[in-house]
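Chemist: Just dropping this structure here.
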Amino acid sequence: MNYTQELHAKDAQYVWHPFTQMGVYTKDEPIIIERGQGSYLYDTNGNKYLDGYASLWVNVHGHNNKKLNKAIKKQLNHIAHSTLLGSSNIPSIELAEKLVMMTPERLQKVFYSDTGSASVEIAIKMAYQYWKNIDRQQYANKNKFLTLHNGYHGDTIGSVSVGGIDSFHKIFKDLIFENIQIETPCLYKSHYTHEQEMLDSILSNIESILAERNDEIAGFILEPLIQGATGLFVHPQGFLKSVELLCRKYNVLLICDEVAVGFGRTGEMFACHHEDVQPDIMCLGKAITGGYLPLAATLTSQKIYDAFLSDCHGVNTFFHGHTYTGNQLVCSIALENIKLFEKDNLISHIQTTSQTLKHRLNKLKSHKNVGDVRGRGLMFGVELVKDKQSKEPLDISTVEIIVYTCKDHGLMIRNLENVITFVPILSMSKKEIKTMVKIFEKALHQTLSKK
Ligand SMILES: *Cc1c(COP(=O)(O)O)cnc(C)c1O
């Protein structure tokens with residue numbers, strides 16, 4: 001056995017992979033990554049792959065980035081971790097200030113955690129308790145959340161409860177709490193023919209629910225602009241802004257989950273910036289550390305924060321906190337990540353490369369199996385179908401062959417069912433973006449001409 005084979009055997013013996021049917025996984029010989037450099041990943045056999053999924057939507061400035069490496073090492077020379085329970089530390093203070101400065105003005109306070117799911121869990125508990133702290137009698141029934149069908153907010157019980165994935169809800173139905181679901185505002189996936197008609201109809205449905213049941217609804221949680229993990233469902237322009245106005249009108253908190261779309265992904269630093277939206281609570285994660293270490297944050301307004309204040313320890317306190325909250329290493333790398341955004345003018349780079357990606361992918365629309373191309377910034381999906389008219393999905397087995405063929409040609413990419421996702425490292429050059437689409441196109445033609 002060579003080194004890679006030995007690792008495969010141990011991987012199959014000891015590791016349970018996330019979101020993975022291990023019965024299938026262990027039959028293959030999956031790629032084992034050894035190192036990364038810039039936009040590329042390298043496996044234990046010395047093969048090189050363009051990182052077209054940004055290592056699951058997190059990587060910003062490329063792998064093995066000198067400045068980010070230096071920031072970690074510098075912090076390590078001081079201390080790796082001390083607790084935020086009853087004491088504080090330097091990077092967590094500096095990062096909180098930075099986050100408050102760069103996010104919408106309404107957001108004034110930062111609550112740290114370590115995964116996107118936790119940041120959502122915190123948002124839900126915060127919103128729920130907020131109403132109770134203000135007036136336990138008047139808001140006794142404000143216990144439910146308005147959500148979007150096909151929403152994804154993480155995998156803990158609370159975050160699954162506010163998610164809109166039917167299969168998850170079916171498995172865990174006895175554990176999750178009820179939410180109120182709104183249909184997905186994405187034209188291609190809807191039964192509407194015109195975007196305006198869809199927008200008007202969905203908004204009027206939201207308004208009638210809010211008008212009737214606002215005394216039961218604590219908050220409206222959604223992924224702003226693009227619902228990522230369930231298949232890149234892009235919302236029409238103005239949807240987010242209208243939701244904000246309706247939430248204000250009916251006294252319901254607006255919770256924007258920017259775990260996927262935050263930090264430049266959609267072509268602005270935050271998705272809320274596109275429509276000048278001021279959420280009451282914002283969840284951040286994924287790219288917050290440039291894709292280096294796990295960190296998440298839940299930001300909230302002065303008004304919500306104030307509702308948790310009292311002179312007595314046990315009264316109105318927010319009883320939530322994770323052991324590694326505000327860890328120095330993760331906060332220092334997040335600070336350097338943000339610094340590099342500014343120094344490298346990354347947002348404007350993304351706006352340029354986004355045009356290249358969009359243009360190249362749109363050219364594939366003429367292919368008989370490409371049903372839809374949608375996205376913003378550096379977050380695009382190509383929906384593969386059997387037939388353009390019926391929109392019937394291409395078989396998953398065929399989609400998977402396309403993904404494997406991409407790997408053979410040196411591109412790491414992922415599919416969400418029959419949607420191939422293009423969510424590259426944000427610093428990727430125009431040339432690398434073009435290479436990414438070229439490899440996909442080649443794999444598409446190779447796979448489908450064989451059929
Ligand atoms: C990934 C994701 C989460 C969950 O984050 P984890 O770090 O995987 O727990 C939550 N919300 C959105 C929108 C996401 O894309």
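From the backbone N, Cα and C atoms, a Cβ is placed for every residue, glycine too.
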Chemist: Check TrEMBL: it lists Gly116, Ser117, His322, Thr323 as binding pyridoxal 5'-phosphate. Then name which of Asp43, Asp200, Asp257, Asp395 it lists for that same site.
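Modeler: It is Asp257, as the record lists it for that site.
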Chemist: What binding-site residues in Ser117, Gly321, His322, Arg414 place CB under 6 Å from ligand 1?
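Modeler: The ones that qualify, in sequence order, are Ser117.
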Chemist: Would you pick out, from the binding-site residues Ser117, Thr323, the residue whose Cβ has the largest number of other Cβ atoms within 10 Å?
Modeler: Ser117
Chemist: Where among the binding-site residues Gly116, Gly321 do you find the Cβ with the fewest other Cβ atoms within 10 Å?
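Modeler: Least crowded of the binding-site residues Gly116, Gly321, by Cβ count within 10 Å, is Gly321.
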Chemist: Of Gly116, His322, Thr323, which is closest to Arg414 (substrate binding site) if I measure between C-alpha atoms? They're all binding-site residues.
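Modeler: Among Gly116, His322, Thr323, Gly116.
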Chemist: Counting distance between Cα atoms, which of the binding-site residues Tyr152, Lys286, Gly321 is nearest Asp257 (pyridoxal 5'-phosphate binding site)?
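Modeler: The smallest Cα gap between Asp257 (pyridoxal 5'-phosphate binding site) and any of the binding-site residues is with Tyr152.
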Chemist: Can you name the residues of this chain that are 6 or more positions from Tyr152 (substrate binding site) yet have a C-beta less than 8 Å from its C-beta?
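Modeler: Tyr152 (substrate binding site) has long-range Cβ partners Gly163, Gly164, Ile165, Glu223, Gln227, Gly228, Ala229, Thr230.
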Chemist: Out of Gly116, Ser117, His322, Thr323, point to the one nearest Lys286 (substrate binding site) in space (Cα versus Cα); all of them are binding-site residues in the record.
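Modeler: Of all the candidates listed, Gly116 is nearest in space.
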